[in-house]
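Beneath this line is the structure, given in structure tokens, with notes to follow.
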Amino acid sequence: MAVTDIAPGGPSPHGQEEAPPKVALLNNPKVRSWLFQIVLGVVVAYLVYAGWVNMNANLQAAGVASGFGFLDENAGFSVAQSLIEYDQGTSSYGRVYVVGVLNTLVVAFIGIILATVIGFIVGIARLSNNWIVSRLATAYVEFLRNLPLLLQIFIWYFGVLRLLPGPRESFDFGPLGLLNNRGYFAPKPVWGDGSIVILVALIAGLAIAFGVSRWAHKRQMATGERFPAFWVGFGAIVGLPLLAFVAMGAPLTFDVPEMGGFRPSGGMTVIPEFIALLVALSTYTAAFIAEIVRAGILGISRGQSEAAHALGLRQGQNLRLVIIPQALRIIIPPLTSQYLNLTKNSSLAVAIAYPELTSVFAGTALNQTGQAVEIISITMLTYLTFSLLTSAFMNWYNARVALVER
Amino acid sequence: MSDATAKTDLQISYVRDQMLPEQAAPAVNRGPIGWMREKLFPSIPQTILTLVCIYVLYLIIPPIIQFFLIDAVWFGEDRAACTTEAQGGVQPPDWFGACWAYVGDYANQFIYGRYPDESQWRVNIVWLMFFGGLVPLLMPSAPFKRENIVFMVLVFPIATLILLTGGNFDVRGLYLPLALVTGLALLVAYGFARGSQSDPMPALKATAIVCASFFVVITLIGFDFGLERVQTSVWGGLLVTMVIAVTGIAASLPIGIALALGRRSDMPIVRFFCVVFIEFWRGVPLITVLFMSSVMLPLFLPEGVTFDKLLRALIGVALFSSAYMAEVVRGGLQALPKGQYEGAMALGLNWGQMMRMIILPQALKLVIPGIVNTFIGLFKDTTLVLIIGLFDFLGQIQSSYSDPSWASPVQSLTGYFFACIVYFLFCFGMSRYSMYMEERLDTSQRN
């Protein structure tokens, strides 16, 4: 830590009575360190200043008006997928930005969930005693980890989804929708009258589950008796809405897509770009998460399992109550970086034109407006914000589960 | 007591008092059968799992072998060889196999891009120097390590620069600034040496040697070797991939170490700059960095100064990966016990000596897996340059699909599969090597 105190030829602290040895000003570590820092600061400030001046001169020469006024202008290009209302004719670049951010968040959010699930399964499978299971998991990790993500996205998009049959010969999963080279046509829920009751029941179920788990925890702390809070909560969350569903006379129906003349009608369309990106991102990240999970579980000393067994815990309880909670402490910090990586890697969508932030904003919008500085800065700052928010949240969670020692 | 004595006298024991000779385990517990019983079918759920896995393998592997080996076309002139009769080719109607003939036809482009044919010997020399220098460097038992490192660090980059571009750069404007910097450096070196009341000669000598070698380098890249100039816009394929990866690796290691040291420094301004730099580059995706370097960087430069597109991408990649490298190195620095620093100080080493001789060798050794992981990540990330219009290996494959003379339904699968093999060989090789090095260098401080 305190390493810089020792500068070349620096004075060593002598006794207080002795006069400090005479040292040239240049060799006083304090002076030297400040001199160095001032030089560094001046150089950086100069570079920033020179870049700023050059940029203004260049922009003026190119006739590009700087500023953020372009955000209100009409964008005038179409976007293949949008969570909010977007209209090619009237929507502005500002709205394009919001559409892009939302699309990034959607793919990142679903991707994180999928990657975590696959990653945990594969990570635990690698530790399986079953030879073939562990070998398969190892092969999965080694292959996906050692191939570029962009190549994997291309393979899914151009190699797999594009080779699916056209809409006329699409794979028909019956009530689950259609799959063809235009994407996945999923059934769309249609909420009838009284479906609000289901929502209310769901919220009530969540509240009950939360209350029961608090109470069960308190009781266990006080008496040591365990209560099957998980199953009660599960029952409340699933059962109450189900009950409401039946009581209200099944107000929820699904609009199942059907094959029309040219393209499937009804339902909701999941565009192939989204599928390709989601599959590639989540399987790729899952390979890294699997390694993290494996390392986390291996990091728990064998004595913990042995002690748990000695106490009479069954294998499942041992995993759930002893191993996983401790392994999480090791797993969470690197898991956070994987979540961040996944979010950042979603920017590779620009290669297959899934309309996320980089693709529509730093791609199409930049090409149309030429506002390079503004657009790239906004894009970078957005990703930076995502990163900082994710790390802040995961750090908070990490602090909650961290080992409290003395 | 007497009873017990009586019993022993009788020499009747109910418990065996000699060891039996060892016997082999029952047949069902040894050999392949025992292994299968233990590892594949120990219980009913495990048996089901095993059978499911075998079924999955059965679904995956035979079709792959069928497609890429058995039904594959190995030789051919154009797309006719790899298309069915209905598509205008010679194959039977339900044929579906890989088209290796296309890969063979394009192999030259995949390696060199559009680099002129008559100059490709220059690239070949670079490949030869690279692998010829790297392989003995990676083998711990090979002799002449010091000479090898000097070759790779000094000779190889300059020779590569001259060979690949053709050299003959306009460097006249660089001599004057270099002379000024040399003078300044000599002055500073002298000042420091005088300040510490030691002999100023070694410092002066070292500074002079460094500056002189800069003069030599500049003269060399300005010298006309009679090589034809090859613009970077025609470079492509594996050549571009390796140029970006090797430059990124070579630049990220020293910059990353400097940033890591800066982040742990006591100087607040230095620390602040390093933290901001690292966190910024780590918080944004590489694509936006590449976009920035390709559209924003030219704006920051004075009018008339233009950078080559490849060079701009190189700068972006180097900055990006050095931020990651800095965090890896920081981990190693933090993992060293404080006693190592204190011991070095107690020996009277100055900061530079302490870092060079005590701290960094240990810290870097600790984080070899992390460093190699960063390298692998960087190698994979080189593919992103295709998004800003550079033709690296993957970009070259991707662009070959637009050629009608080989267009067929199996073309893209074959091309991607070939890319998979190449990238996998490089990345897997690197990761295995890092595991080997880790084992070799392990001084068993870890348990």
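Cβ from N, Cα, C; glycine included.
Sequence annotations record features per position, and here TrEMBL assigns region 'Disordered' to A:1-21.
The transmembrane segment annotation in TrEMBL covers A:34-52 (among others).
Summarising the annotation, TrEMBL assigns transmembrane segment to A:96-122 (among others).
Residues or ranges marked as domain 'ABC transmembrane type-1' by TrEMBL: A:101-390.
Beyond its flanks by at least six residues, the transmembrane segment (A:143-164) meets 170-171, 179-181, 272-273, 275-277, 279-281, 283-284, 286-288, 291, 345, 348-349, 351-352 of its own chain at Cβ-Cβ distances under 8 Å. Among the features that TrEMBL reports, transmembrane segment is placed at A:143-164 (among others).
Sequence-distant contacts of the transmembrane segment (A:196-217), counting only residues of its own chain at least 6 positions beyond either end whose CB sits under 8 Å from a CB of the stretch, comprise 226-227, 229-230, 232-234, 236-241, 243-245, 247-248, 251-252. Feature annotation from TrEMBL assigns transmembrane segment to A:196-217 (among others).
TrEMBL lists A:229-254 (among others) with the feature transmembrane segment. Proximity of distant same-chain residues to the transmembrane segment (A:229-254), defined by a Cβ-Cβ separation under 8 Å and at least 6 residues beyond the stretch ends, is recorded for 175, 187-195, 197-202, 204-206, 208-210, 212-213, 215-217.
Look at TrEMBL and you will find A:274-293 (among others) tagged as transmembrane segment.
According to TrEMBL, the feature transmembrane segment maps to A:375-397 (among others).
Outside the transmembrane segment (A:96-122), and at least 6 residues removed from its termini, the chain residues within Cβ reach (under 8 Å) are 71, 75, 79, 81-84, 86, 137, 140-141, 274, 277-278, 281-283, 285-290, 292-293, 335, 338-339, 342-343, 346-347, 349, 354-361, 364-365, 378, 382, 386.
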